[in-house]
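Chemist: Mind having a look at this structure? Questions to follow.
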Amino acid sequence: MDQLAHHYRAHIAELNRRVAEILSREALSGLVIHSGQPHRMFLDDINYPFKANPHFKAWLPVLDNPNCWLVVNGRDKPQLIFYRPVDFWHKVSDVPDMFWTEYFDIKLLTKADKVAEFLPTDIANWAYLGEHLDVAEVLGFTSRNPDAVMSYLHYHRTTKTEYELECMRRANQIAVQGHLAAKNAFYNGASEFEIQQHYLSAVGQSENEVPYGNIIALNQNAAILHYTALEHQSPAKRLSFLIDAGASYFGYASDITRTYAFEKNRFDELITAMNKAQLELIDMMRPGVRYPDLHLATHAKVAQMLLDFDLATGDVQGLVDQGITSAFFPHGLGHMLGLQVHDVGGFSHDERGTHIAAPEAHPFLRCTRILAPNQVLTMEPGLYIIDTLLNELKQDSRGQQINWQTVDELRPFGGIRIEDNVIVHQDRNENMTRELGLTD
């Protein structure tokens, strides 16, 4: 924890600097950041799992306590209003006592509806950041999630501090252990549900603590991009395994994908080719490179694989231009990663929030930024046999370029995706996922 504590001082200083700058521009007194409130299930007395406001957890790793507030102005010591009710029904969060607490003036709130007593008196000139706009209105905030403030903060959140980078390394390190356990479970005959349990046990996190719902897909289920069904029975014939799963550390996410073949076969060779292509794409990352250009380069590599593995005929550029590669690789190459899995700022051209949309032919690309030092992105090329997309090719002349026999042979395997988490440095790329032990 010493290294985190060392970096945390500079992290808080940077957050304060950002706040002071945007407050000066917008003539605001400060920001009041709400951790959030519990959400009650309809007609029930049970709450949905609580997820803290990412703007809140950017400052400190309080992840599971609703009704907390931060009062920051970039100059004074940030104030943390920490919720500790008198409650014999539920576990009450302990008063924080970690390395980060010295940077906050901590006040204890026992009743959520009494928070106004702790807030600034000139509340009308402070901006509320959070989800519960009705609460903000009752409290007297006239500025609620102002666009200028949000755009500025989102743009700069893509540049990670050293503290944030260390948290993300640790999130990767944890997830790698889960992936290794899941891989072993797959080769030992486990079902999707059982593989999930092996993964969660290895990372030491519950389904509500990992940053997103794990994708644990055997055989043809790997063709479903966001498959989360978890079959309890093992398939009669074990062919392939795609796992897309991450872990959390102090509110920061990892997001890693691997694909395995149960036996050495043509599909296994396709995985090897995709792995090689993914590493080549990562080698192309550097400051000044446009992320959409990397996405287009991915389509060229997918086109070459379609030709090499007798899935299609023609030439590389023609397969890309006709949209044939998009039927096999329909999603974007990757996205910003940080406090959120699909982190904010991926389309922001500047501090004002100027939006740079994805190319018209590639609407699902989640990042159009120019790469810069200390950004963290996923790199996740894929190739799938998705019948709904391939059937569209059959409707016109493009279907004549597809080798449907090869498609039929590969369909039971579902698809391939390989995803690493990469830090862009000034003079190199840091592939956290591989460097921390997930080499294949």
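Glycine too: its Cβ is placed from the backbone N, Cα and C atoms.
Residues annotated as Mn(2+) 2 binding site in Swiss-Prot: Asp244, Asp255, Glu419. Sequence annotations record features per position, and here Swiss-Prot assigns Mn(2+) 1 binding site to Asp255, His335, Glu380, Glu419.
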Chemist: Can you tell me how many other Cβ atoms are located within 10 Å of the Cβ belonging to Asp244 (Mn(2+) 2 binding site)?
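Modeler: There are 25 of them.
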Chemist: Which is it, of Asp255, Glu380: the one of these binding-site residues whose Cβ has the most other Cβ atoms within 10 Å?
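Modeler: Ranked by Cβ atoms within 10 Å, first place goes to Asp255.
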Chemist: Where Asp244 (Mn(2+) 2 binding site) and Glu380 (Mn(2+) 1 binding site) are concerned, what is their Cα separation in Å, rounded?
Modeler: 10
Chemist: Taking just the CA atoms, what is the gap between His335 (Mn(2+) 1 binding site) and Asp255 (Mn(2+) 2 binding site) in Å?
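Modeler: About 10 Å separate the Cα atoms of these two residues.
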Chemist: With Cβ-Cβ distance below 8 Å and at least 6 positions apart along the chain, what are the contacts of Glu419 (Mn(2+) 2 binding site)? List them in sequence order.
Modeler: Asp244, Asp255, Ile256, Thr257, Arg258, Gly334, Thr378, Met379, Glu380, Thr433
Chemist: Across all chains shown, how many C-beta atoms besides its own are within 10 angstroms of the C-beta of His335 (Mn(2+) 1 binding site)?
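Modeler: I count 20 other Cβ atoms within 10 Å of it.
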Chemist: What three-state class does DSSP give Glu419 (Mn(2+) 2 binding site)?
Modeler: strand
Chemist: If the Mn(2+) 1 site is taken as the center of the Cβ atoms of Asp255, His335, Glu380, Glu419, which further residues of that chain fall within 8 Å of it by their Cβ?
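Modeler: Same chain, not in Asp255, His335, Glu380, Glu419, Cβ within 8 Å: Asp244, Ile256, Thr257, Gly334, Leu337, Leu377, Thr378, Met379, Asp420, Asn421.
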